[in-house]
């Protein structure tokens, strides 16, 4: 990092943290007590603060990583500053842990952008810092910086594991992946993603060698005819059934294999992935979740995905491949027809934005969910088009992980989209400065509206005196 870039990065990070501290103070003045899921998280962390490590709230569905880290930070800090009484492990003190995670995420996002795009010499330090600031303010994640939820810590350890994987420190990456797993069990998918990065890199090297051998056949590494796809699948099968290759890949990815083995041991002992209340967190094949994620991504990345050029390219693609798109449409309609699930929380909890998205859009008419298929197809095409700079094996690995982390979820919850979105956004090519500024401005507006609604547009339920607030 050059000196000028270092100064600019320090200024951006310090300014963002100061702004977050001011916003943190405003939110804690208005909402002093636990809110929403904090009703479960805060008392559990306070029990750990008082040494009651065997006490567990059965309504909590995640492992105790957040509470263990909180106690590990708060207790030494309280001893150092001489804090006693209710301030130690209060709701405000526990929420501040996520503010620290947010600062860590800012730094990790910068390091990841620098590492992933290190070969792109056209990208300036200012663009890296601007993209870091934008992603750090990603509305769905940024909002939970100010509440005692698992999301900021979950993102921190997962991004840290990804960074270590990119630098080849796989044992450290697996250890950090375990920390992420302790925050949220589904983060094991991103451990598989890290292992997949290693495998995809080796596959890509071997495939390039294969292409070099058959240079005269002009096989494309990324896109081509159906025969090219068959040839690639044959190569993939041949490569993965080779004992020599399997031994080599195992030697490279064994830390991740150990962690995944531990995960399956946990599943066997626990009787499922969810701890605590399982009645509201049943796994199912909810394929439309992928469509919701793609729509979510287009909404938050519209400066990159929803452009006149993209639309023209998509329409040309439709003209060139009508049969393929017709088949995709039929499959999409079938998946929506047979695999759409509506969670009871989605219909009952009017504090979440998803409640209004579902009511205002999907519940207008039974046919709406089918009418949106062209939007989903465009979103999927545009999403894949921005990843074409990556190898076909990386794309395949990412999509497998994306399916694994979204499809089993019955509840439509925007928080579940945070990590797959960030990993996608980190890996697409740097857009123009204008599009970066537009994206940042959009995030600032969305955050401003979100916090305004949360702080000022409160309401009450008919049979309750508690103040309710709108949130993601």
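Each residue, glycine too, has its Cβ placed from N, Cα and C.
TrEMBL annotations: computationally assigned, not manually curated.
Taken straight from TrEMBL:
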TRANSMEM  6-27  transmembrane segment
TRANSMEM  60-81  transmembrane segment
TRANSMEM  93-113  transmembrane segment
TRANSMEM  125-149  transmembrane segment
TRANSMEM  155-183  transmembrane segment
TRANSMEM  246-269  transmembrane segment
TRANSMEM  289-306  transmembrane segment
TRANSMEM  327-347  transmembrane segment
TRANSMEM  367-384  transmembrane segment
TRANSMEM  391-408  transmembrane segment
TRANSMEM  437-455  transmembrane segment
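If one looks beyond the transmembrane segment (155-183) by at least 6 residues along the same chain, the residues whose Cβ comes under 8 Å of a Cβ in the stretch are 62-66, 68, 101, 104-105, 108-109, 111-112, 115-116, 141, 190-191, 193-194, 197-198, 252-253, 255-256, 258-259, 262-263, 418-419, 422-423. Only pairs six or more apart in sequence are counted, and the transmembrane segment (437-455) with the transmembrane segment (93-113) gives fewer than three Cβ pairs under 8 Å, not enough to call it a contact. Tallying C-beta pairs under 8 angstroms between the transmembrane segment (125-149) and each of 6-27, 60-81, 246-269, 327-347 places 6-27 first.
Note on the transmembrane segment (6-27): residues 95-96, 99, 102-103, 106-107, 110, 125-126, 129, 132-133, 136-137, 145-146, 451, 454-455 of its chain, located 6 or more positions outside it, place their CB under 8 angstroms from a CB of the stretch. Beyond its flanks by at least six residues, the transmembrane segment (60-81) meets 40-41, 44-45, 48-49, 87-89, 93-94, 97, 100, 148, 150, 153, 157, 179-185, 274-278, 281 of its own chain at Cβ-Cβ distances under 8 Å. Sequence-distant contacts of the transmembrane segment (246-269) (same chain, six or more residues past either end, CB-CB distance under 8 Å): 170-171, 173-175, 177-178, 181, 185, 188, 191-192, 194-195, 198-199, 202, 240.
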